């Protein structure tokens, strides 16, 4: 599409790539913040601060956790909401429940709501988000490398081709307008614009972009050639057999794109497990809550047993 736009005199900018780059910078910023916030939380937990009581430190932790959840953790909550809306519980739902439960109880503990008291768990929310962020970053980094490889594949495509008419007249045209049955001429140093069959000539072809083999391959009349490979020597007359999405390069690009969009097997397995596990855990939790509250009129009678 970009080539077609350029051919009529306009300039096409890759807005999506710029948007992704900007979004990536924001995600990295939130990753750095969540890691820094986790370190601060650990310092508050283990380092004494003379002159500050636990109440003041709890409010400080609550402020840090609130910013972390609303900023760094918002992506997980949005994903969880969309998942629940579609009646499916993925891993983001599990993460969101863990983060929100720890944060909500901690707020109750700080303000003494519903009789909750004792130690707050703001650091749990912050550190959980930080660890998930690190995992997401590593995943996106791997996808980014695959994306760069994909861009390199796309740039291998020929923009122009030398079309031969039945009368032997040569015309320089956009490679995108070629169709099956057209005949093109490819000179040394040029990129072969289509998948086709050599009808005249002998040459050495660099097929490293497809096979990974660095040594050029000798091709002669009757041999097949792959679009986007490079003609090193000799002049070739090629009959077009495949164009557009049917070419080998286009199929490679499609497979790479599908691989990028698809989840890893372990991710699909985790989502399947969480789709069953999350509703069961939530149901048990709700039943337990109402049992304690309705029978004992207290939601925290067992916390002292665990040193909380």
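A Cβ is built for glycine as well, from the same backbone N, Cα and C atoms used for every other residue.
Just so you know, TrEMBL annotations never went through curation; they're auto-generated.
Per TrEMBL, the range carrying the annotation transmembrane segment out of 120-138, 139-157 is 120-138. Looking up the ranges 59-81, 174-196 in TrEMBL, the one annotated as transmembrane segment turns out to be 59-81. Among 25-47, 59-81, 93-114, 120-138, 93-114 has the largest number of CB pairs under 8 A with the transmembrane segment (276-295).
In this chain, the transmembrane segment (93-114) does not touch the transmembrane segment (25-47); fewer than three CB pairs sit within less than 8 A of each other, excluding pairs fewer than 6 residues apart. Within the same chain, residues 30-31, 33-34, 37, 40-41, 44, 90, 92-93, 95-97, 99-100, 103, 106-107, 110, 120, 122-123, 125-126, 129-130, 132-133 sit at least 6 positions outside the transmembrane segment (59-81) and bring their C-beta atoms closer than 8 Å to a C-beta of that stretch.
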